[in-house]
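A quick write-up on the structure given underneath.
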Protein chains: 2
Amino acid sequence: MGHPYIPSDLSLPDYVPGSLSPFTIVAVYVLSSLFVATTIWLISGRFPRVSTTERWLMCWWAFTGLTHIVLEGYFAFSPQFYKDTTPCYLSEVWKEYSKGDSRYAARDAGVVTVEGITAVLEGPASLLLVYAIAKRAAYREVLQLAISLGQLYGTAVYFITAILEGDNFASSTYHYFAYYVFANSFWILIPSLIIVRSWKKICAATEAQVQKKAKAL
Amino acid sequence: MGHPYIPSDLSLPDYVPGSLSPFTIVAVYVLSSLFVATTIWLISGRFPRVSTTERWLMCWWAFTGLTHIVLEGYFAFSPQFYKDTTPCYLSEVWKEYSKGDSRYAARDAGVVTVEGITAVLEGPASLLLVYAIAKRAAYREVLQLAISLGQLYGTAVYFITAILEGDNFASSTYHYFAYYVFANSFWILIPSLIIVRSWKKICAATEAQVQKKAKAL
């Protein structure tokens with residue numbers, strides 16, 4: 001049985017087409033993400049010292065952490081997802097996403113490596129941040145910076161390897177822009193904003209400490 | 001003409017063997033690195049507020065920054081280095097190093113991507129740190145953390161992609177351990193130590209700022 005991916009000579013023996021519609025797959029993801037974000041938003045309101053920006057950040061870290069662990073974690077450790085005969089939501093996600101980037105179905109080493117690092121390290125660390133921001137832990141800024149840098153590095157490796165390998169992995173222009181470009185753009189934009197914010201906060205804290213020491217002399 | 005790399009069926013048309021001995025290549029690298037480190041050590045002694053640890057760090061950042069820019073920068077932008085007929089030191093380095101990891105000669109997309117990011121972003125940022133530490137700039141801890149995280153992420157991608165692709169790229173056990181394992185181990189060990197140090201310093205600064213604000217209330 002043929003597969004819908006590009007390049008069309010990609011060998012995927014025993015490929016089983018997905019049975020959920022793209023609309024259903026995206027709707028389940030969006031709705032469950034909104035449910036998670038709403039829950040975190042409501043809970044975070046009970047911490048009086050957490051600012052509005054920090055409440056948004058807690059929602060982001062819960063959303064991105066669960067995406068890393070559940071979706072990307074499933075992919076990283078399921079080399080045969082494209083053979084799945086059951087309408088399992090997680091294999092359906094990656095059967096559909098591979099239309100935007102067939103390197104997922106083809107098990108490209110660079111993609112699997114980045115997804116593995118993201119799922120195993122950045123996922124749990126993102127969830128830890130939800131707690132760290134609520135508790136105003138001293139490490140909350142440096143951990144936000146560290147994970148966001150990791151997300152940016154991973155996205156850079158993801159796009160640059162694709163370009164070096166010919167950038168011909170999408171089934172159509174629509175899939176190229178909707179899945180490969182648009183869906184990933186959030187993990188460039190939001191980490192960049194967080195890096196700028198945390199960087200400034202860390203420098204301000206270092207500066208304040210230097211001035212305190214200078215005064216003490 | 002055949003090449004000395006593994007897998008032996010790797011196609012490298014017009015390959016020209018290196019003409020410098022491995023000893024010469026390593027000696028030039030070690031001696032020029034020692035020259036750079038000694039120069040930075042002597043200059044850094046003229047900054048009275050820079051601690052001994054920070055002087056060592058300045059030597060490291062100068063050494064690693066020049067390695068990233070000169071050696072790795074040459075590799076990232078020289079896809080045909082293995083055809084070089086002149087005894088150019090930089091092409092000789094990579095002809096020799098490819099005996100430890102033939103993905104360099106084979107132009108593996110993951111390796112080129114990591115080396116490109118390292119050369120273009122981390123190299124100049126490392127040299128900036130030599131200045132930032134000497135001037136005690138407020139961003140010096142966060143920049144050390146950021147670059148060290150990037151170095152660790154790059155090394156992780158480097159090793160994990162090799163394992164996923166079969167870990168069979170070394171011409172001999174000697175080259176595997178001397179080039180691939182030993183030479184890279186410095187970029188796991190030293191960034192890890194710097195991350196722990198900068199992380200603690202940033203948390204201490206954040207903590208101090210929080211206590212100062214609490215006192216002010």
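Heads up, the Cβ atoms here are built off N, Cα and C, so glycines get one too.
Taken from TrEMBL, the feature transmembrane segment applies to A:20-44, A:56-77, A:109-133, A:145-164, A:176-196. What TrEMBL records for A:53-195 is domain 'EXPERA'.
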Positions on the same chain near the transmembrane segment (A:145-164), where near means CB under 8 A and six or more residues out: 64, 101, 103, 108, 110-111, 113-114, 117-118, 121-122, 125-126, 129, 180, 184, 187-188, 190-192, 194-195, 198-199, 202
Intrachain neighbours beyond the transmembrane segment (A:176-196), with Cβ under 8 angstroms and 6 or more residues off its ends: 57, 60, 64, 96-97, 99-101, 144-145, 147-149, 151-152, 154-155, 158-159, 162, 169-170
Composition by DSSP (helix, strand, coil) of residues within the domain 'EXPERA' (A:53-195): 114 helix, 0 strand, 29 coil
Average pLDDT across the domain 'EXPERA' (A:53-195), rounded to a whole number: 97
